[in-house]
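Asks: Got a structure here, written out as structure tokens. Questions coming.
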Amino acid sequence: MRSLATFMSLLTICWGLHEDRLTLANNRFAISLLHNLPTSTETNIFFSPYSISVALGMAFAGARGETREDLFQGFGYPRSDIDDDAVLEAYASHTRRLKSLRSNSTLDAAIGAAIHERISLLSSFEDVLNNSFGADILKVDFINGGQAAVDVINGWVHRKTRGKINLLFGGPLETIIRLVLLNAIYFKGTWDTVFDQRLTTKKPFMNACSTPTEVDTMRGEVYVRHKSFPLLGVDIAEIPYRGMDYSMTILLPTRIDGAEVLKRNITEHLLQDLVKQLVEQQVTVYLPKFKLETEYLLKDHLKKLGINRIFGSGADFSGITHGANLAVSDVVHKTVLEVHEAGTEAAGATGVIIVAESLVESVEFRVDHPFIFFIRNTQTKDILFVGQVNHL
């Protein structure tokens, strides 16, 4: 038996130098967050680093002083040679590129801001929301609106994820909330070579706890980019979606406990280097059908990455509005994923809650054990979705 790690990255949206650097910074953030999210033998990981970084990018636009520097360092912009004044233009270029992207796959990314109706935003922050992010502005009453305010936000998320995520928030929000910065992303891709449903059969999947489970497993003769790396103890296959601009890249460790070891040691540079070495060939692929649904409160995990000041009483978001001491109370993130014979469907939504401070030879590639995954655009290299499956 071999432990599997599947890295899926769903997108890369960069044409200019700053965008290339933003992609590098976002991919570093993706791997860092993967390292810091807790797992167990019976739980899985799935998140959209792209969704999280865009939502917090809006917070960066309104942050000032040490709070802005905290986000700047936490997202690794200096390590990627991005100047402070280049960050927002890089996001603006990403947004324009994303909306103009033509593909055989469906990729919808939406940005929004739910704002308390009595809050007067600075014109400079409104300009950033409109011009850099193309955000939808949702006016709500967080103080008296109760469930009505939640319904507005959940309705927006439901529409933008095509019904895959119904509830970002389950009930009425605190009355001290003044705005919620939102991102929603939806992906649907058809395999370049669709798996024949008639060949799907029950096969054992070795869970991380070493308990096998019979799961529906697809089988197909597929042309993929593939290579084995014996010295690293990993087998990699990149399964393309129709149009070849998106792919699911699967890293399959040779050891049954290899997923955790691989997760601890993978870097964005290593992933990129390994993918570059893959060679196209026909492979007999065995891939389980599976669904994932996850929800995270990211405050503690972001703090581990050095992003602290946005949450404290000393947070400085004076670039958003005058006359209110604002701080982030938490970052809510939800994702869903379904992998089946026809392809993949995934969605993610993020809400940054800001409150008024008081808080060739045919090869067999058998995916039959725990794995980590990214979905990515093969041209742009941005990581949009990351996950780790330990239990089916």
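Cβ from N, Cα, C; glycine included.
According to Swiss-Prot, the protein carries these features:
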CARBOHYD  ASN104  N-linked glycosylation site
CARBOHYD  ASN130  N-linked glycosylation site
CARBOHYD  ASN265  N-linked glycosylation site
SIGNAL    1-16  signal peptide
Asks: Run through the Cβ atoms and count how many others sit within 10 Å of the one on ASN104 (N-linked glycosylation site).
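Replies: The Cβ of ASN104 (N-linked glycosylation site) has 13 Cβ neighbours within 10 Å.
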Asks: In DSSP terms, helix, strand or coil for ASN104 (N-linked glycosylation site)?
Replies: coil
Asks: Compute the C-alpha separation of ASN265 (N-linked glycosylation site) from ASN104 (N-linked glycosylation site), stating it in Å without decimals.
Replies: 34
Asks: How big is the gap, in Å, between the Cα of ASN104 (N-linked glycosylation site) and that of ASN130 (N-linked glycosylation site), rounded to a whole number?
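Replies: Distance (Cα to Cα, whole Å): 28 Å.
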Asks: Under a criterion of Cβ-Cβ distance under 8 Å and sequence separation of at least 6, what residues of the same chain contact ASN130 (N-linked glycosylation site)?
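Replies: For ASN130 (N-linked glycosylation site), no residue qualifies.
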Asks: Within 10 Å of the Cβ of ASN265 (N-linked glycosylation site), how many other Cβ atoms can be counted across all chains shown?
Replies: 10
